[in-house]
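A.B. asks: One structure, pasted below without further comment.
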Amino acid sequence: MGAVWTARLLCLFLLLLNTRQSAAVPHNTDSDQCADGSDACHIDAICQNTPTSYKCTCKTGFKGDGKHCEDIDECDLEYNGGCVHECNNIPGNYRCTCLDGFHLAHDGHNCLDVDECIFNNGGCQHVCVNTMGSYECRCKEGFFLSDNQHTCIHRSVEGLSCMNKEHGCAHICKETPKGGVACECRPGFELAKNQRGCILTCNHGNGGCQHICEDTEQGPICRCHVRYTLHTDGRTCVERDETAPTTPDHNATSLAEVDKRVKRRLLMETCALNNGGCDSTCKDTSTGVRCSCPVGFTLQPDGKSCNDIDECELHNGGCDHYCRNTIGSFECNCRKGFKLLTDERSCQDIDECFFERTCDHTCVNSPGSFQCVCNKGYTLYGLAHCGDINECSLNNGGCEHTCENTMGSFECHCHAGYRLHWNKKDCIAEGCDLACVRRRSEKRLRKTIRTLRKSINREQFHLHFAGSEYELAKKLVRPADPPDHCGTGQILLDKKCVKCSVGTYYDGEQGRCFLCPPGTYQDEEGQVSCDVCPGPEGRGIPRTKGARNISECGGQCRPGQFSHDGFVPCVPCPQGTYQLEVGRTSCFPCGGSLTTKYDGSVSFQDCETKVQCSPGHYYNTSTHRCIRCPIGTYQMEFGQNYCIACPGNTTTDFDGSTNIMQCKNRHCGGELGEFTGFIESPNYPGNYPANIECTWTITPPPKRRILVVVPEIYLPMEDECGDYLVMRKSSLPNSVTTYETCQTYERPIAFTSRSKKLWIQFRSNEGNSGKGFQVPYVTYDEDYQELIEDIVRDGRLYASENHQEILKDKKLMKALFDVLAHPQNFFNYTAQESREMFPKSFIKFLRSKVLRFLRP
């Protein structure tokens, strides 16, 4: 490296020496000083040779005598350089930019409104309305806009609260501690004198003005750039007709102020003057200037203007899903749950189930989405997690006496002197006849056989008992690839061993699964026999085939009925009682001297209570009042006499919860590794709990730095930064901060840590809640620091929606992190695999960065 730089400096020195020597030699004969570099023209000037000497002329965009040239600040001349919003001066030129909510027109000067409602309905739950420079969400009849200004809440009609449709707030409604409501406005608006309405200012969407906005006491007033005139709508600006007579203009933009550049163009057309009037490329010819347009534009009939080609109008631009036209080009985008392939046209489903952490139990992928399914005895919470159901909290599990919850199940127990009925819920007085003894013996034998099957050493033997044949066999280890035969209770299906399903049994002689015959059932997989259905003998009860549990055996009393043994004939539950389940020997009393209108009631909701309890409450039969469900429980229905316990180790933020989604895990999630890892808010991807505090510390190995990617983060903005995520060097408030936010950002961002270690804290208050975050990180060799920072600080990494989706794709980020953490793993991916994983534009972007980094 040192030798290369030395050589470069030497070359530069020789060049300068040659220039100075040439300038010192007198010119006795005419020579081309411009060609041999002996002229004294400024670096920003053009040298023109003459018969006896040379002439220096400053380049376009500069002024001076040619030997001394300085940049012309076009933004200070000719009405803001012709820019309708912002003008940025650059050496020899200038560039126009637009305010948020606008994009630059093809002429490079005018600013046009961005229609935010085109993409994802602007994030609005119901209706999106585009406005000049911004947009707003509106709700359907019967709903009002929530504090986040995007989702809609069903209106209430009673009580002075924000749920009441008469609260009168134009934007945000807040309930006060002393009762009543207070109104607030969105950023860019001011609260009106009536403390209800909101007045627009120029700070929001440029006040709805296309060009210039001025705040007044009556609200924003719009004006236009000198080359434009105000439309009758008072907001839009239209280009002037230069041939029109000059008349006064009420918006203070006089038609007499004609653009000076337009006058010069009328006197003489040349590319050296105002680019010959061309929107894009200008070329001088013998007949005048000739204008041309870049790819993605078409030349208009005036021969000078360039209009963007909307590629999306023809066959959707070849895009599978969405086509978004851009100035001079277009971009294909995919629906949520799909990713763009390398041809940058086709969309492919993202298999969310590819990652083990997607669901606690079973993940079922579907086109554009996925669903988490929990095992029997567990229920879903937080969108992806499974928690044990406390069946005993649901009407005592249906048990007549006592209920005991177990992981994934529950058991009913009876008091002394009683035994459990066949339905495993009712309790009947002790006493056992011959048939009872037989059933007990068969039950004990079946239990013994199951124990024997687990401990047997011989391959197979048969056991005959009470007219039934039992086949016992040693479990075989399933061959890996592919099995030629399967163990007992399994069949070969599509080269895989599959257990016989519930409601069936395995026949060893035929090697097949058969439905359980009438009068039997099987509630477990992979069994070699079916259990006998309970029931009285000699009644001719109709039986079903393939019963999967006792309730499908047939002949049991229906809900709202009972009998002494749970089988037909049955009688209706008397008034004042109810029964939800089949095959019961008794009915539950309403309690509290409550009664029902009719016999045969099937739920406590049929009991005539004194008040109707709403969701989040239960009816207390002693006090005849509605009580809020305590913390850790919820109730979704009206008029119930119990609350349901939250699954697993979850709880609720407050009492009176109305659905299981309000049950949240308070554990701070994440995995902190030396090379890769992640942090996540509690209960992710469900809403995080209130009043939580999480702290993580990432300590990389020696000579390694930290790269963090925040794919998206959901923190409500309505509670004045009550919930926030901060990353800094240490827990000290004044230590070096790398990242801090208290807002929702759906656009990804990547950044390197500003300190060696990274201390991270997440806190929430008792206000609003959100989805939170799952933030991955990787540690990399500090020798690559310059390269990594060059990549993450380049706006092109985030400019394309497709690049944004890459930063959200867990599979792709895993591959990128794998190479960053261990560069040698790059060779584990073939060139074809790389091309299949990432779009061409993304590979091109990274390649240019790497080549620049490696270039000596």
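Note that Cβ sites are derived from N, Cα and C of the backbone, with glycine treated the same way.
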A.B. asks: Based on the record in TrEMBL, give the one of Cys334, Cys363, Cys372 in a disulfide bond with Cys353.
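C.D. replies: In TrEMBL, Cys353 forms its recorded disulfide with Cys363.
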A.B. asks: Would you count the other CB atoms within 10 A of the CB of Cys363 (disulfide bond), including those on all shown protein chains?
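C.D. replies: Taking every protein chain into account, the count is 19.
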A.B. asks: What three-state class does DSSP give Cys353 (disulfide bond)?
C.D. replies: helix
A.B. asks: Cβ distance under 8 Å to Cys353 (disulfide bond), same chain, sequence separation 6 or more: which residues?
C.D. replies: Cys359, Cys363, Val364, Asn365, Phe370
A.B. asks: Cβ under 8 Å to the domain 'EGF-like' (388-428), counting only same-chain residues 6 or more beyond its ends: which ones?
C.D. replies: 375-379, 534, 550, 556, 565-566, 580-581, 583-586, 588, 604, 633, 641-645, 647-648
A.B. asks: In the domain 'EGF-like' (388-428), how many residues does DSSP call helix, how many strand, and how many coil?
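C.D. replies: Output for the domain 'EGF-like' (388-428) reads 7 helix, 16 strand, 18 coil.
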A.B. asks: What does DSSP call Cys363 (disulfide bond) in the simple three-state scheme?
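C.D. replies: Going by the DSSP assignment, Cys363 (disulfide bond) falls within a strand, counted as strand.
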